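Heads up: the structure comes next, in structure tokens.
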Amino acid sequence: MRSRSFLVLVAVFLICETLVAQRLDRIRGPKGQGQDPVEGQDQDEGQGPVKVEILDIGQDLVKGQDPVEGQDPVKAQLPDKVQDPVKAQPPIQGGFLFPKPGVCPKIIFCPLVNPPIKCWRDSHCPGVKKCCPSLCGKGCVTPR
């Protein structure tokens, strides 16, 4: 009888996890679909995708002066990556029910009575970070 009640608890837990995940997807909205069209505007009449050009960010020459022979005009240095480095990281295995690899650092003391909770599980943290009890509350921390 005990194994049956355990299986019922596991089934209820999995159903609750699924419902929470679906609710979070509804709150965040569908991925990859951009903004809704403006009222009264047909979707076919849109301008199409926006193209971004990276302009030459060098120094302009002063009018009436030639560059010094043997020297190139100073060029500004572009960043290595245009996108956010956290979002550019590949997803880490360890999803909804399985934790990410690594060990949370040890916590010595937290003076707050009711510390804030910034994440609930590892899947809420980007990249390699894990949801660990930090100095005060729970937060996304790089594991050891």
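Cβ atoms here come from the backbone N, Cα and C positions, even for glycine.
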Candidate in CYS104, CYS110, CYS119 joined to CYS136 through a disulfide, as Swiss-Prot lists it: CYS110
Least Cβ-crowded entry, counting other Cβ within 10 Å, from the disulfide-bonded residues listed as CYS110, CYS140: CYS110
Disulfide-bonded residues clustered about CYS140 (disulfide bond) [Cα within 10 Å; pool: CYS110, CYS119, CYS131, CYS132]: CYS119, CYS131, CYS132
Rounded inter-Cα distance in Å - CYS119 (disulfide bond), CYS104 (disulfide bond): 14
For CYS136 (disulfide bond): intrachain residues, at least 6 apart, with Cβ closer than 8 Å: CYS110, PRO111, LEU112, PRO115, PRO116
Least surrounded among the disulfide-bonded residues, given as CYS104, CYS125, CYS131, when other CB atoms within 10 Å are counted: CYS104
